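Features as listed in Swiss-Prot:
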- 1-22: signal peptide (SIGNAL)
- Gln51: pyrrolidone carboxylic acid (MOD_RES)
- Cys53-Cys70: disulfide bond (DISULFID)
- Cys60-Cys74: disulfide bond (DISULFID)
- Cys69-Cys78: disulfide bond (DISULFID)
Amino acid sequence: MKLTCMKIVAVLFLTAWTFVTADDSRNGLEYLFPKAHYEMNPEASKLNKKQDCAAGGQFCGFPKIGGPCCSGWCLGVCA
């Protein structure tokens with residue numbers, strides 16, 4: 001009985017602590033991702049930089065996905 005009461009109190013305490021320490025409890029996760037999107041620096045992203053890639057039809061070596069080809073497909077030659 002005492003253990004059950006302690007568990008209930010602990011869960012209520014942790015739930016209250018989560019809401020108290022949240023950054024913006026009014027909006028929750030609704031505006032979390034758009035805010036992060038606008039704060040992101042697109043020029044710092046390595047995904048946008050494909051300068052060191054080989055064009056289609058050039059030799060790329062062993063067949064693999066995500067290789068040196070601009071398309072990301074290496075089948076002996078860039079696809």
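Note that the numbers count up from 1, one per residue, in the order the chain is shown.
Cβ atoms are placed via backbone N, Cα and C, with glycine included.
Everything Swiss-Prot records as a feature, shown here on the structure.
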{"residue": "Cys53", "record": "disulfide bond", "CB count, 10 Å": "15"}
{"residue": "Cys60", "record": "disulfide bond", "CB count, 10 Å": "19"}
{"residue": "Cys69", "record": "disulfide bond", "CB count, 10 Å": "23"}
{"residue": "Cys70", "record": "disulfide bond", "CB count, 10 Å": "15"}
{"residue": "Cys74", "record": "disulfide bond", "CB count, 10 Å": "21"}
{"residue": "Cys78", "record": "disulfide bond", "CB count, 10 Å": "20"}
What whole-number Å value do you get for the CA-CA distance of Cys60 (disulfide bond) and Cys78 (disulfide bond)?
6
If you measure Cys70 (disulfide bond) to Cys78 (disulfide bond) at Cα, how many Å is it?
8
